[in-house]
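According to TrEMBL:
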{"type": "TRANSMEM", "residues": "B:6-29", "note": "transmembrane segment"}
{"type": "TRANSMEM", "residues": "B:41-62", "note": "transmembrane segment"}
{"type": "DOMAIN", "residues": "B:89-295", "note": "domain 'Cytochrome c assembly protein'"}
{"type": "TRANSMEM", "residues": "B:125-144", "note": "transmembrane segment"}
{"type": "TRANSMEM", "residues": "B:175-195", "note": "transmembrane segment"}
{"type": "TRANSMEM", "residues": "B:207-229", "note": "transmembrane segment"}
{"type": "TRANSMEM", "residues": "B:274-293", "note": "transmembrane segment"}
{"type": "TRANSMEM", "residues": "B:313-331", "note": "transmembrane segment"}
{"type": "DOMAIN", "residues": "B:315-639", "note": "domain 'Cytochrome c-type biogenesis protein CcmF C-terminal'"}
{"type": "TRANSMEM", "residues": "B:352-374", "note": "transmembrane segment"}
{"type": "TRANSMEM", "residues": "B:425-442", "note": "transmembrane segment"}
{"type": "TRANSMEM", "residues": "B:448-469", "note": "transmembrane segment"}
{"type": "TRANSMEM", "residues": "B:493-515", "note": "transmembrane segment"}
{"type": "TRANSMEM", "residues": "B:617-636", "note": "transmembrane segment"}
């Protein structure tokens, strides 16, 4: 009875989107499934905002997840699966950009900036070394007079 | 009527902001004391006006005044009162008003607490802060007025986005804004100092508490957002490298760098021009963040006000302030001469390394965030930059930072000897490597992430202990040591606590990423199954009704052996007004693990999709953030910030000769 109530309730409610990976999508072979999950995390759900297909609720993400699994069951390597999707959807589908062409700028930005920043920092630090720094300037006559006055004050106390 | 008064107060605030900008700045350059002093009252007045405007808008939301366009679009009479209030900032216009309130609050605080600043510096700080207010208030008044009315008010509103009807997210924006906008103070101090051409230890001491406050609010705000994503979105992730998350993370990284470099200015009068640059950039990243969130140029799960026109205006504000400040910097930075000298191995040098790592990591995040845009415009390539890129490109910086941290924090100023620095650390190093090895042996295979995380976290944590132990002095007398520890300045305690928090967060992230166990299956009511040693029983699924939603709730009993651990009630909700479903995961929180269950769809041939996750050490991630923020609070309460407030006045009163 309770079950019936729930079912009626659900029938009245509008359809809800499915949650990420569904039980019916999961492959029997745990090794293949693990590879599918790992691949899915690097593939973008094309109609979503910055979500991978493993996490997305969209129908397209489900289709892509199933496509990935079909290719894996058919014996494709990880690279072949990725190539298969890239030829159909473009490199937009990859959450991890390729190393090709202008993307090198993206990938090399970090190492280059660290090298550059490091070099600048080291040259700065070298200039600040005690032995290289300019000797402290002598006091100007006014400063000397003020110092003498202050010291004199002190002596009087 | 109250709404009209609020609207009027908002416009009055804009006028006062103009006064606050022009009068003190002119006064400071002409050396007119009266004009310089006018900045304070103008700032206070502007804050009072905006506070009133904000209260008026809140009143509109609480009383469900649907003649206001904003209330109609974002509220509903059935919504619980707390979300009517938080709904004020759950939209573009209201959140922008909150932003302006906080901006004015900081200016008013500078006016009230700035009594010991040089009058000219204080006038310039308030003036620059006023200029930022002018920009944002005119943005608010002319492009996104929260007080605009509807000609024919509807019977009821369209409800707030259900995802935002949640305590974690309700208080996430105010904290973030306190952080973002707090960085405007560092910016104003930097610009004021550039105009004056003078940066000294006192400047460093002044800019530090503001940066610290901004940083700790950002920490809390980001942690709240991440925690919300964890329990609300239903798959238990805590960070997605989404453009909007990055928008808050970049200022956090830069302000963390600024926090450390300001210490060098304060204690050693070095790194001045770099610190000024960081202060400018930190606020620059805040502005870029506001632009990213509100313009919609980058697709993000957060974008909530995608309006190109507003985007253009925000881009203009960003360009104006960054262009102006950086031009000023280029012209004046050479005036700032450094004084302190130090060796290559010294705390100064360690802090420089910290700054290079933090600043470059922020720029890496920046490049990754804007790359899709650049690639599309410059190379006509439509591509994505997602989590895998950031994980690979960003993580090394944090690893290097964690490796350096204990070394740097034990180094003395001016000149360090590595053997002396390492002497108290050898034990910590040995212990942490041993712990890493233990973790590696215990987990048998699996990723190297967990052992590396364990080594780094232990190294950071034990490094803090070694630091404190050394500060407690030599000798065997424990009570004397404790006394000395108690006498340490609060800033030193703050440093230790914040660094420990960093270690805790680091460990939480590594452990969760490496050891999470996931189970997805179809379960019938009455089914029982095991996940990673826990027994999960789906007892019941029933329908129900909340104040403004319908729900499907499951009752799942989790037990281990004979002991019942928890009865979890995950829900699927549907908000009819907004036509939106949400997932409410049920979580049994623990220190060592979270048990996280989500109820999915009913299956065609009976049963329900149920997902179960065992998430080890998940809470350590946010606990670490809270500990970091507590460290910030401790440091903020340090005596010298208060002593400094009296120190400048004392000589004026005359020092009695003894």
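Numbering starts at 1 and runs along the chain as it is shown here.
Note: Cβ is positioned from N, Cα and C throughout, glycine not excepted.
Ranking B:6-29, B:175-195, B:313-331, B:448-469, B:617-636 by CB pairs under 8 A with the transmembrane segment (B:493-515) puts B:617-636 at the top. Averaged across the domain 'Cytochrome c assembly protein' (B:89-295), the predicted model reaches a pLDDT of 90.
Among residues of the same chain six or more beyond the transmembrane segment (B:207-229), those with a C-beta under 8 A of the stretch's C-beta atoms are 106, 166, 168-169, 171-183, 185-186, 189-190, 237-240, 245, 248-249, 251-252, 255-256, 258-259, 262-263, 265-266, 275, 279, 282, 621-622, 625-626, 628-629, 632-633, 635-636, 641. In this chain, the transmembrane segment (B:125-144) lies close to the transmembrane segment (B:6-29): three or more C-beta pairs between them fall below 8 angstroms, excluding pairs fewer than 6 positions apart. For the transmembrane segment (B:41-62), the partner stretch with the highest count of Cβ pairs under 8 angstroms, out of B:6-29, B:175-195, B:274-293, is B:6-29.
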